[in-house]
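Worksheet for the structure shown next.
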Amino acid sequence: MNVTTTNDHEEERIGVVILFLSFSVLAACLSKIILSKILKNRITLPFTVTVLILSFIIGLIVTHTKTITNNFQRGEIQLSEIHPHLIYYIFLPLLIFDSSFNGHFYLVKHQLLSAVLLAGPGVLISTVIIAASSVYLFPYNWSWLTGLLFGSILCATDPIAVVALLHDSGASRSLASLIDFESLLNDGSAFVIFLIFKNIFVGETYNARLIITDILKFSIGGPVFGLISGFICVKILNRINGELEVEVALTFAISYLIFFIADVELRVSAVLALVTMGLYMAKHKYCISSNVQISLVSAWRMATYLINIMVFTVTGIILAKSLVNTATTIIAQDFVYSIVLYIVIHIGRALTVILLYPLIRRSGVHISWKDGLVLIWSGLRGSMALILVLMVDLDTRIDSVTRNHFLFHVSMIALLTLVINGTTSRFFIHFLGLKQGAKESQIVLSQALEHMQRETFSQLLQIKQDEKFAEVNWKVLDEYLPKKLLKELNEEENISSTEEVSQPLNLNGNQQFKTISMDNVNAVDRENIRNELVIRFLTAMSIDYEKQWYLGMIHRQTLDILIKSVEQAKQKRSFELHWQLLIEHFRLSFLLLNLMRFNYFDFINKWTNRLLFDHILLTIELTLGFHSAETRMDNILVLFPELITIDEQIMNEVCHEAKQYQLNAARVLHHLRKSYQLCWTAQMTKRCAQMLLKHQSIAIIHLYETGILDDNEYAHICKLIENKIFSLEYGKIQLSDDEKKIIEDPFDLLAIFKTLSNEDKLQWKSIMKSKHRWFQPDTILIEEHRPISTAYLIIRGIVECKTDTVSTYYMSDNIIGIDTLFSHSDNVCSEKTFTVSSGLVEAYVIDKDLLNTWLADENMCNQIYIEVALHTLINNYKLCLEDNHAQLKVLLCEKAKLLKNQSEIIVNSNSDDRLFLLTGTVTHLLDDDENHHLTPPLLIISAASNAYRLNLSSVVFTWTKDDEMNCFNVPSDDCIPSLQNSELSSPNVLYPRYSGETIEFTPRRQSIQVTPPIENLSHLQFIPSEIKIHNDSLI
């Protein structure tokens, strides 16, 4: 009977708590509706502060009520007596994980050191300042140990309160991220300091060794455990596809599980463990399936919304109860001390920011004095301080008077910071002008609003010409035009720059639009505008990458690399950095480089080939993704022409810079398609498989919409299709047996050896094997003004030769440096620099001995002489010749006549004939018997008929002017044009890509959780029949 009564009483307690919390959520929602819809935000209280004030008032009323007559009051009383550990374990894990996991990882990464400074030394400074003020200002005769314990409670800014405040106040993303991350970290560090001082205070044995051990255990053990947990979670989530309920539930479960294990089982900082795990998962946020991403964000937003209401409800009633219950030991003078303490806390935070400011600046985070003021004002104390002080209040080993003073002052500081700072933060940020944003942001925003006006005006003119809208009341319609919207925007956000575009639209069709005047913009502002445009364009690229992933065009690993590089580029405001970071992933790994050195064993060679094949696939996919995003950026100016009116010169510079790297990507793709045909085939086959799966998705949607398929059939088939798409994420396309030889043999790719007999090929293949090398991107092969001892026969890859005005790119079958190496003089220096460009280069290293062996081989020497002559002509006689590199090669191979090692042969040349002396000497025979001996290298363009006598050492090429003219239309296959080539300004689309629009499909029944596929295939563009890069302007 007693057991039954106890159980009934426990159920009643739980029921009344749920009743009170349900009412709190309802009241909070109603208050938000009243403030936003009825009062039109005239009372600009942050939502969380509103909840706090309401619950505080309810708490005061219930606490002063002598008789308890209803379950509502009983629920308030039960909730006000909640154990602090319940608040700690129920509310904190979700809010901390949400803040770290749904935060902006790359902003946090940039601000990590600054946040650590504020959360480490900053917390210690604040603790000491608060302790000193409590010891010397309070009349309680506290010792320094008591003061330090008190300071450790109040030193931490509350992450729950700060996050909610920043979301409501409109602070900039960068500043909000720094404050948010700092509050999360100092929450963990303050908890460590609190536990140490509390244990010492209650008499536990502590020495310096134990203190240092605990600090290291909490500050290092927590992050290490969080990092390991995050790694495991990412691996698990990567193997789950499209399981909405599983993936969402998993993120909620792990936040509680990791928090509990870290705090209870491992005795490390649970907060730091959860923050670290959340940040690691934020870095790899695409471990969540593409079709679950939006739902996951919505689920967490809903959860944090409800928990924030509950947290501030509990905080309010606990504050009310704490102030009332300490009334017996608190006098009026203590309220004055709390106000003084409130001022001291802000002075201490200001000193902390000032002292750490130089170190913060050196860490790379640049905060203005206005940002510093917001940083000081954001030091809210809330639930975390209450949790710590309630732990003290429940510890009977501490005398009751001290506990009451602790509880009163902490409650007062929490109330004052939440109400005063929380209420005034929005006004403070507006007053400092931080909500409005920088000048360059306002200029871009102004033109965006101008674009909105233009689009609306265009649509309005079409409506007026439509007879179906002849009876429209145009005066009433005026309320729904951009003029009204911009006016409301100006009133709510105080964005003064929109006034320049907030003109009424002329319904008669005569509309004049203002543009931004750049007359008063100085050089610094122009640079800032340029940087802002680069950031906007890079942001557009990151969105495009996510769209490609959503459509299955790129893997999660590829998306991670692309997003990581573009986010780092945004920090430096540089297109170049984005491309260079991608090139870093084109490099061979340390493992692969070392495996290539042990090419004596078949099993190692097979392993090496598989790794190399996967590496080339990743290179292709990265380059395709980058090229696609850059190509679609061309549409920005077409769709948004108002950007040009900001500053045409700046826009042209930004677009030209972006175009350069687009052309670089096009060159790399051209090379990859030509040099790694099997890899390209596998990649394109996979994309065609994705295309077919998209077709199937569209067909299923059409069948479902017409009622042919019921809900279960539709969901089941869509699930099968999604599984096929997911299998392409980690699986490989199964090629036929005759295509499984992985990477093509390098020797077989070179045209220079193809004319040899099979026996000669085997001999030369054995010789060249020891000369085979791989070179990483940006490696300098030949440096200007340095002696040359080797040349390089390019097998695969692109080598750039850059001069002051133009760059030439060499590909397969070119031997760079061969002309200088061929010279018979010792220590001859190169006149140009040759660098590995935008990818790997596979080449044979050619030294003088190998070159002489080639020249001694009758089957090889003609090819080598042609190559030497080609490079010599390009490097020394470009101004005399009208042909480019490819045309000259055809000229020497097919048109020119090669004469070598023939004694006493007379060569007669007519007007405009060409004679090129490569080596040896020739004698110019003159009519007056005074013969001239000519030395190489020398190009002779005859102005009249002449005769030349060769000797045994002579190597000569002869051709006519007509031969040169016949080679003008020869396309290039071995060399890519310079950046000056205008025909590459609009390269063809190289692979299936997203066209920039998404058409969502919502199933008829909301219970079916299936990814909405692309409804209209016209938004996908696929592989053209041929990829061709023109080469009409080569050197």
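Keep in mind that glycine also has a Cβ here, set from the backbone N, Cα and C atoms.
Listed in TrEMBL:
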type	residues	note
DOMAIN	34-427	domain 'Cation/H+ exchanger transmembrane'
TRANSMEM	14-35	transmembrane segment
TRANSMEM	47-66	transmembrane segment
TRANSMEM	86-108	transmembrane segment
TRANSMEM	115-138	transmembrane segment
TRANSMEM	144-166	transmembrane segment
TRANSMEM	178-197	transmembrane segment
TRANSMEM	217-237	transmembrane segment
TRANSMEM	266-282	transmembrane segment
TRANSMEM	303-323	transmembrane segment
TRANSMEM	335-360	transmembrane segment
TRANSMEM	372-394	transmembrane segment
TRANSMEM	406-429	transmembrane segment
### Query
In terms of Cβ proximity under 8 Å, which residues at least six beyond the ends of the transmembrane segment (115-138) contact it?
108, 144, 146-148, 150-152, 154-156, 178, 181-182, 185-186, 188-190, 193, 337, 340-341, 344-345, 347-349, 351-353, 355-356, 359-360, 363, 405
### Query
Thinking of Cβ pairs under 8 Å, which stretch from 14-35, 47-66, 86-108, 406-429 has the most of them with the transmembrane segment (372-394)?
406-429
### Query
Counting Cβ pairs under 8 Å to the transmembrane segment (335-360), which of 14-35, 47-66, 266-282, 303-323, 406-429 comes out on top?
406-429
#### Entry: CB contact flag for the transmembrane segment (47-66) and the transmembrane segment (14-35), at least three pairs under 8 A
yes
### Query
Which one of these stretches, 14-35, 303-323, 406-429, has the most C-beta pairs shorter than 8 Å to the transmembrane segment (86-108)?
303-323
### Message
For the transmembrane segment (303-323), give me same-chain residues lying six or more residues beyond its boundaries with a C-beta closer than 8 angstroms to one of its C-beta atoms, as numbers and ranges.
### Response
21, 24-25, 28, 48-49, 51-60, 62-63, 76, 79-80, 82, 87, 91, 94-95, 98, 160, 164, 252, 382-383, 386, 390, 407-408, 411-412, 414-415, 418
### Beyond the flanks of the transmembrane segment (406-429) by 6 or more, those residues with Cβ under 8 Å of it
44-46, 48-49, 52-53, 56, 150, 153-154, 158, 161, 165, 168-171, 315, 318-319, 322-323, 325-326, 329-330, 334-335, 337-339, 341-342, 345, 373-374, 377-382, 385-386, 388-390, 392-393, 435
